[in-house]
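**Q** I have a structure here, written as structure tokens, and I will follow up with some questions on it.
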Amino acid sequence: MAPYVAAPPSPSPTPRANPLSSASLLSQLLVLWFQPLVSLGARRPLSAADLWPVCASDSCRALQRRLSAVHAPLRPSPLAAAFVRVFRRPLLLVFAHYGLYVAAMALQSYVAQALLDFLHGRANVFRVSSGYALVALLAAVSVVAITCRNFAFFLSSRAGANMRSLVMSSIFRKSLRLSSAARQQYTAGEVLTLMSVDAERVFSAMMQGPWLVVAPLGFVVCLVLIGLLFDAASALCGLAVLALVLTLSVRQAKRISAVQRQLLAVADERVKATSEALQGVRVVKFYAWEQSIASRVHRIRATEVSLFRKLHASMVSNSVLLFLTPVFLSGSTLGLYVLRHGAISVTDAFTLVALVNICRAVVNEFTTALAALSQARSSFRRIDQFMASDEFRAPERLSTGDAGHIRIRSAHAEWPASSGEPYELTAETVEENTGMGNVSVDGGSTTAPSAVLLPVPDSSTFALKGLSLDVEPGARDVSYVSQEPWIRNSSVKHNILFESAFDAERYERVLAASQLSLDLHALPNGDQTEIGERGINLSGGQKARVAIARAFYRSQYDILILDDPLSAVDPHVAHAIFDEGIAGLAASKTRLLVLNSHYDLLARADKIIVFQDGQIVGDGAFDEVVARFPGFRYENKQTINSDLLEEAEDEQAEERSTAAADITPKQAVVKEEPDSNAARLVKAEDRATGTVGARIYRAYFDETGHSGIVVLLVLVAAYSVSQGMRVLVDWWQGHWASNMTRRGVDPTYSGTVFGMWYLGFIVFCTVLTLGRGFMMTEACVRSAKNLHDELFERVLSAPINRYFDVTPIGRILNRFSNDLDQMDSVLPQQYQMMFQNVAVSVGSLVVSAVSSYWICVAYVPMLVVFLFTGQYFNKTSREVKRLEGVSRSPVYNLFGETLTGLQTIRAFKMQGTFADLSEKVVDENTAAYFSYCAAGRWLAVRLDWLSVLVIFVVALYLVATKGQISPVVAGISLTYSLMLTSTMQNTVRAVDSTDNAMTSVERLLHFRTIPVEEDSPECLPINDAAWPTQGAIKLDNLCLKYRPELPLVLRGVSLDIAAGEKIGICGRTGAGKSSLMIALFRICEFDSGSVWIDGVDIQTVRLGDLRRSLAIIPQDPVLFSGALRENLDPFGTYSDADMWAVLRQVHLADAVTKWGDGLDFVVSEAGDNLSVGQRQLLCIGRALLKNSKIVVLDEATASVDSATDDLIQTTIKQTFVEKTVLIIAHRINTILHCDKIAVMDAGRVAEFAAPSQLLSRPNSVFVGLVKRTAASTQVH
């Protein structure tokens, strides 16, 4: 396996101009402008900084402007029509150059005929008496042909790369405008397929599509020349055979297209399932669902592999049909002519071979174009459907006369369900005489928020209908905090700035108001510390506060909307944010705060609006609302020592002032430059350097289930024998023609015998060629299936802390989408083409060399130059291909982040900014992508010139030795040397393309090197249904760190928890609360110490058995798309009655009944068609269903309102009576009923006793926490 090194981070040097933008015509024709990069790549491995940026005219921005100019007036016309208009100039140039190429190739065959006539002493069609002049003419015509072909390829690849980038950027831009309903219709996996697979199909269509127009011209030219060479009947016979071949090929192409459409749908489903598994990998680990998830993906994969077998079988049949077209065409034409006229000359026989070889190339290009355009048609149809999907419409803005004035007006909101009727929310009038009237919320005092909405469903799932937010046009924008904090994979500082300019003074005030200063002080690099994807290295409260800080930092806004972010923080932190931020820093703004908890804050609001079951059931001032809804008066219903209340506020104020004195923001929080080792959480993507090692090829073919070396030897033998038979067919045709002079003279001559042998050779050649193709594709399909299954299971087995926490999901998805597509779709055909072209090229060289020892000697330096050129080129091409693969990951990462944070992006009106960011990463990917295409053209031009040199040498030798070589040998030598013009180029390109496609296998095989969770050999299987029987837990001097380079998060923790005890775990943010849960489930292996459950050391228990034996209700509710029953019980272990009982326990049974379909109700991706609270309740239902002896609740009720929280707490008390329950909480009142409370501080157990004992200790840490809670929850 090639050595892996971390790809160096791309620096930001001064942008260099792409030399293509100023290249002369000669430089473009010979690809001289690309030479500096090839030279550099030959000296050292290339980096992203070495690649030139795209030309200004090829940038996404320039292309989008051109598309808008032609597409906007034509909407809703297909995007393909707009693309034709945008790229009509390169298309016309491509058609012209391909037309010239076909004409030059036809002329080449006639010059070859003239040369053979000269060698046989016959008059030639050009009436040129000098053989050397014919050799020069042959070389000149060949140069014209290769120049036109390569320039047409170059123009096609440039336009195709631009189309690809335009598709990617257009899909990204459209994603920013999708409505909520459309987002549920198109999952992230499906849109990712549009950006990857469908964009590639568009590129292929541009590369091959022009041949659909050019190929018929080639057919006509070749058939006319055959008619002139023989007679009209022969040409018509050739036409009939050609029509039959095309009919069969088109039929196969339709079958291929149909299978590919099915494959796209199945690939969407697999990528979606893979994406969901990776996004929810923590839940998968906690519940030991790896087997269930893997089985789900494997089932989809099995269907996909079955379709790939059908696809490649059809493609093999089609390619064999096209490969043998010259044999069928020349055989039928020759047979008819001989039957009618008796004989033909050797010269005419080999001229026929040359012409049908041109026909074969044209037919091959035609059917390839047909298949490519058929795929592109399906892709364009899918893209058009996506581009026509519903878009988000910003709420209407009307003048009200006051900046920051908001009016909810005729509000009717609904969001689609996966089945049944859509859910609705209606704001009905409070004034009976106005029907659907207005509910006004006026700007309030400078010390309180303007309104509090209680409680509303998750706002991110709504498509608003008829809802107008009347905002004064002079008012500035809205700042917004979503219920689920959106955190980007960037530094803390960049998350807060959110692409805004840095203002040091405002920034420091925002940090203080959002209560982040202490947290940043504890981070290794302050605000420069990198945050992982989805904020994996932050607690729920920290994520909420970063999102709040982002909203506070935004400049020039008049309205602040906070969708229940305070539920994620402790009461004292919530009050501090309220006092210093909402009622402090944002005092002059109109503020809308959604609350599901901390109802003691209601007294600070100017106006309160109460929602229930989608209706406004009350509104007004605090006293009015509390009179109608007494439950909102106090959140903390536990009795707390009144003496604590008296001390609380004073001590809290003193504590804050002390903390402020100890921390200087500029020194401890705000850092100019991060420490590279500590700040870098997400590692740079690894990429191999150097050649794709032989071990990669062997590993790939080993996956067939047999020895890779044996498989390769069998394939080499099969292709060698079948190509030998193919040469024999052509030789026999010349041999037959040379013996036709014996007809009527030699009684031993029998045309029938010659013809029967000829027919037998053709049939045997067909069987061998089909057999080798099926062998190759079956080997590749088996390898792809086994590799995917093995590597996906390995990824699921990777540890959270050492792999998923430092690896972006987009990077993994890139390999399971794009790289896997390369292995599935491209590699089988690439291997077949490579083996076929190598066999043809070797056969051509052997046949040409057979004519003379001197030609063989002349081939030696040419072969050396061929090999040197290929090796010299491959150093650059391979690295550029790897860089292209690496550059795709940022595109997918940004796309995934953008879809997740779409609500925030829209609220901040950052769509344009993120569109610009997408253009930047797409342009960077296109720079690598087009560089790879240009590298192919650089090689093709040079190999074609070498091929012309081979033709020149062979022709020159034949002229110099006129009369010394037999007509058959001369004819077959010249004919096969003419084939070298395309076959040698195709061979080296096929070898290079296969080698580059194998980088995708290399990238996938890299998963074999990632760490995995493994059970020690001493682990014994345990029946999870019988263990634990009691639920006693003992932690003995436990030490834990998330990764070797990080500090300890648990420092010598010792706890003894009796069976059936209810243990509350509390502490400040970062104290180690959740780390206890991580240790209990062995998400991270311990540094030292041990954990015992019912007397069994959990390190001696298999991970799967351990995790299945425990139950957890995580902080972040994660659901998977599919039936509700599968989200509760993926293994189908429990009955429907059990599941309905659980739904009743979590108070969701009525809601599920309303949704329709019961347990078969379809949950959308990530549960987007449910509110956050409903998702959390379902997650609680999962834990109840397991009926485990030990249950862990990790701040499980943070996302539900207090009433539901009370119901859940009651359920927990009733249902978990005989269970051991560990409750990690930031709401002190939720753990005061526990038997004991463990207070965590700096990774240690600071206190562990009954609540009453802890409260009796005046100086205890717990009393300090209670004091802060008591002070903050007092009604002001």
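Every residue gets a Cβ built from N, Cα and C, even glycine.
Look at TrEMBL and you will find 91-111, 131-155, 209-226, 232-250, 319-338, 708-729, 749-770, 838-868, 939-960 tagged as transmembrane segment. Annotation source TrEMBL lists domain 'ABC transmembrane type-1' at 100-375, 713-996. Taken from TrEMBL, the feature domain 'ABC transporter' applies to 406-638, 1033-1267.
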**Q** Any chance the transmembrane segment (749-770) and the transmembrane segment (939-960) have 3 or more Cβ pairs under 8 A, given the pairs are 6 or more apart in sequence?
**A** no
**Q** Quickly jot the same-chain residues contacting the transmembrane segment (91-111) by Cβ under 8 Å, restricted to those at least six beyond its ends, or write none.
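**A** For the transmembrane segment (91-111), the sequence-distant neighbours (Cβ-Cβ under 8 Å, at least 6 residues beyond its ends) are 84, 125-126, 134, 137-138, 141-142, 144-145, 148-149, 151-152, 155-156, 159, 210-211, 213-214, 217-218, 221-222, 225, 351, 354-355, 358, 361-362, 978.
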**Q** Same chain, outside the transmembrane segment (209-226) by at least 6, Cβ under 8 Å from its Cβ: which residues?
**A** 91, 94-95, 98-99, 102-103, 105-106, 109-110, 152, 156, 234-235, 238-239, 242, 333, 352, 355-356, 358-359, 362-363, 365-366, 368-370, 372-373, 376
**Q** Could you please provide the mean pLDDT value for the domain 'ABC transporter' (406-638)?
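**A** Residues in the domain 'ABC transporter' (406-638) carry a mean pLDDT of 68 in this prediction.
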**Q** For the transmembrane segment (319-338), what are the same-chain contacts with Cβ under 8 Å, counting residues 6+ beyond its ends?
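**A** For the transmembrane segment (319-338), the list is 226, 230-231, 233-235, 237-238, 240-242, 245, 248-249, 252, 344, 349, 352-353, 356-357, 359-360, 363-364, 367, 726, 729, 733, 740, 751, 755, 758-759, 762, 765-766, 769-770, 773, 829, 832, 836.
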